[in-house]
Amino acid sequence: MSTVQLLQVVIAFFGSIFPAVLFNIDRKKIGWAGLSGALGWSAYLLVFNVTQNAIASTFVGAVVVGCYSESLARKLKTPAFEFLIPGIFPLVPGFTAYTALRYIAENNMSQALSKGVLALAVGGSIGFGIMLSTTIFKFFTKLKNIRLYGKS
Amino acid sequence: MEAKKVAEIATSAGEILLSNGAEAYRVEETIKKICSSYGFNGECISTSTGIFISISDQEGEFVTSVKRINLRRVDLYRVELINSFSRGLAENPLPYEEAKNKLREIYNAPNFSLGIRLLAAGLTAFSYAIFFNGGILDALVSLLISFGIYLLLEYISKIGSFQFLEYYLSGFIIGAVSLAIGSFFPQINKDNVITGAIIVLLPGVALTNGIKDLLYGDYVSGFAKLGEAILIIVAMSVGIVTALSIFMKWF
């Protein structure tokens, strides 16, 4: 990772803390929420440096954020979305989506379409990343309960 | 305890959960947990706009309660408090008065003051303007704009629920102000200012909770929340595009 990318990880940490304050997060968990965003963005960068593919990188980032939130939620006994929601903020394709809008305003429809589809795909991969990690965790929790208590 | 009182406690706990942005399955599970910790059999259906609860006692009498939720905001701390409240009830069922007091306490739990939230909104915009490769100057302008936007949102949401208007206006103002500032001060890049400022408006909670609701099989509230998120994003985008297409000719 280059220095710019390290700086981005630090900004991702703070960029996850500030929205969490807007959602009135428990004061003791602010740091954990920030770590969620920083981890997600680090995973994004690691994959992006190899593949140069924003969609795949965002997917991996979202899976990491999801796994981190679900496991921390089980450890601290709080709802998982306290870390999930701040964590996805750095992954959101804000700049791409805005570029698509600007092309629409400039009447440049072919560019708008290509940027818009990219923004949609990145947004969708966040959704599927969260879905995948949450379902896996849900599946294994059920499996553990069945093994331990003989019921779900 | 009588079924009626249990229904009352369960309803107000569910109301706090749903109006503060909890997922549908969490509302249903919490209400069932509260009922069973007092020894009743409770059933609950929760959509994104209301809760239906039915509690049956040992004689087969049913007590039903319906609650429509109008206020909808995001408050993760209150959801967490109710979560631990219902966990505590399962181990130690509190008497009616105590449980009521506890719920009232949670209802009035501390929130961050307007000043801190304003600062957080501004700093969110500030960080994301830099995050998307903007300079310090872009970030500062973005911070100031999102101060104004947050105050506007706070003001409109006090009058009533005008979600489309709120986000359309915010998008329009962000677009227009950034364009104007960008044309007066050529060293400021309007693209970075706008991308920083729109992050504050992002419907992150509606999006993630919608996905989670879908995963748990609550299709009604899942698609309702995703629809809400799409409405917000569309309103904001249309606002920005309106501002850009009108004012790009002038500036």
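In case you wondered, yes, glycine gets a Cβ from its N, Cα and C as well.
Unlike curated entries, TrEMBL annotations are predicted automatically.
Features of the protein shown, as given by TrEMBL:
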DOMAIN    B:9-246  domain 'Threonine/serine exporter-like N-terminal'
TRANSMEM  B:136-153  transmembrane segment
TRANSMEM  B:165-186  transmembrane segment
TRANSMEM  B:192-211  transmembrane segment
TRANSMEM  B:223-248  transmembrane segment
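Each of B:165-186, B:192-211, B:223-248 was scored by its Cβ pairs under 8 Å to the transmembrane segment (B:136-153), and the highest score goes to B:192-211.
Counting same-chain residues at least six beyond the ends of the transmembrane segment (B:192-211), those with a Cβ under 8 angstroms from any Cβ of the stretch are 21-23, 74, 121, 124-135, 138-139, 141-143, 145-146, 149-150, 153, 167, 170-171, 174-175, 178, 181-182, 221-226, 228-229, 232-233, 236, 240. For the domain 'Threonine/serine exporter-like N-terminal' (B:9-246), the mean pLDDT of the prediction comes to 89.
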